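See structure below.
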Amino acid sequence: MTNIRKTHPLLKIINSSFVDLPAPSSLSSWWNFGSLLGVCLGVQILTGLFLAMHYTSDTTTAFNSVTHICRDVNYGWLLRYIHANGASMFFICLYMHVGRGLYYGSYMYSETWNIGILLLFAVMATAFMGYVLPWGQMSFWGATVITNLLSAIPYIGTDLVQWIWGGFSVDKATLTRFFAFHFLFPFIVTALVMVHLLFLHETGSNNPTGIPSDPDMIPFHPYYTIKDILGFMIMLTALSTLVLFSPDLLGDPDNYIPANPLSTPPHIKPEWYFLFAYAILRSIPNKLGGVLALIMSILILAIVPIIHMSKQRSMMFRPISQCLFWLLVAVLLTLTWIGGQPVEHPYIIIGQMASILYFLIILILMPITSLMENYLLKW
């Protein structure tokens, strides 16, 4: 008799995705981050749902409702801090996942890669809107500064900003719509994740060597299920440690001051996971130029498959490209640091140099190095 998991209309979809899925035998721990992102998304939706039961999206009560959650709701403090730090975990896994894709040439699966870029934008938008909800000083001023960037769009900019605000400044209408969208977006993200997986399973997974692994496949279960569970345990341990011992480590103390439109914080900055893009934005003196550079800092990922010049897919056997990749990582860490610093000497020039280097490595140095390595292969 055929197993029910192979015949049942619903179970066979799950079976072909997570049980009998043929997977390359050589996948390293860098392939764990996809499933970790799934767990992060689940944790965020679950904690967010319970937080939404107690949160009020009104400018007069939003800050107090968050305080009420932390003080009066049973384990409300735990929900709030898991949700806030879970977002940080989400982005750590996201950046590792994208980095893995860049290093091992996973971007050659263009549909999967492009859906992934869409997912990245959607998650970033969700996180930004979520940061506005506690209605602290950094929430309010962060929302004001970032939404105001749209006014740089020629002709329609100012109208667009006022349309998003629902008035002439960030106010009650803005907070209400941000809450509505923050609630909606994770479900759109979940739908996109399914499309992402659909396209991935059309081609099968890439592997560290970048060589087709059709002759050497193993079933996903039990080999990679057990490997993923180990990943879950490590990540959830790290998240629990962060939440229970230093929940405010990655947050901004200014967000414990209720939003006040009459007093600007000394340094307006977003959450740490947006600092690299914020540094690129600030490094260009022109407003529209800064906005374009900000968008391009993420959208540049879509160009990567087009400028792939190497005869090899993965960087596993390309030492010069590896050096460039890790230089890119160092540049991103530098940008993250600069994004959190005040706009003064020497931070301005460091930020500008790092921004130039970021685009230079991806657009020019990587393709040239690939061509050089192709030439060296003939020796």
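The backbone N, Cα and C atoms fix where each Cβ goes, and this holds for glycine too.
Features as listed in Swiss-Prot:
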BINDING   H83, H182  heme b b562 binding site
BINDING   H97, H196  heme b b566 binding site
BINDING   H201  ubiquinone binding site
TRANSMEM  33-53  transmembrane segment
TRANSMEM  77-98  transmembrane segment
TRANSMEM  113-133  transmembrane segment
TRANSMEM  178-198  transmembrane segment
TRANSMEM  226-246  transmembrane segment
TRANSMEM  288-308  transmembrane segment
TRANSMEM  320-340  transmembrane segment
TRANSMEM  347-367  transmembrane segment
Contact check, the transmembrane segment (113-133) vs the transmembrane segment (226-246), 3+ Cβ pairs under 8 Å, seq sep 6+: no
Between the residue listed as 'ubiquinone binding site' and H97 (heme b b566 binding site), the C-alpha gap once rounded to whole angstrom: 17
Between H196 (heme b b566 binding site) and H182 (heme b b562 binding site): CA-CA distance (Å): 21
Neighbouring C-beta atoms (10 Å sphere around the C-beta of H201 (ubiquinone binding site)): 14
Recorded stretches the transmembrane segment (226-246) and the transmembrane segment (347-367) touching, at least 3 CB pairs under 8 Å: no
Folded-back contacts onto the transmembrane segment (33-53), same chain, C-beta under 8 angstroms, at least six residues removed: 69, 79-80, 82-83, 86-87, 89-90, 93-94, 96-97, 100, 130, 182-183, 186-187, 189-190, 193, 228, 231-232, 235-236, 239
Spatial separation of H83 (heme b b562 binding site) from H196 (heme b b566 binding site) - C-alpha basis, Å: 24
Length of the line joining the Cα atoms of H83 (heme b b562 binding site) and H97 (heme b b566 binding site), in Å: 20
Intrachain neighbours beyond the transmembrane segment (77-98), with Cβ under 8 angstroms and 6 or more residues off its ends: 30, 33-34, 36-37, 40-41, 43-44, 47-48, 50-51, 66, 69-71, 116, 120, 123, 127, 130, 235, 238-239, 242-243, 247, 250-251, 271-273, 301
Cβ contacts under 8 Å made by the transmembrane segment (178-198) with residues that lie 6+ beyond its boundaries: 17, 38, 41, 44-45, 48, 52, 55, 57, 112, 115-116, 118-119, 122-123, 125-126, 129-130, 132-133, 143
For the transmembrane segment (288-308), distant same-chain residues with Cβ under 8 A (at least six beyond the ends): 98, 102, 105, 107-108, 110, 113-114, 117, 120-121, 124, 149-150, 152-154, 276-278, 280-282, 355, 358-359, 362-363, 366-367, 370
Secondary structure of H83 (heme b b562 binding site) (DSSP, helix/strand/coil): helix
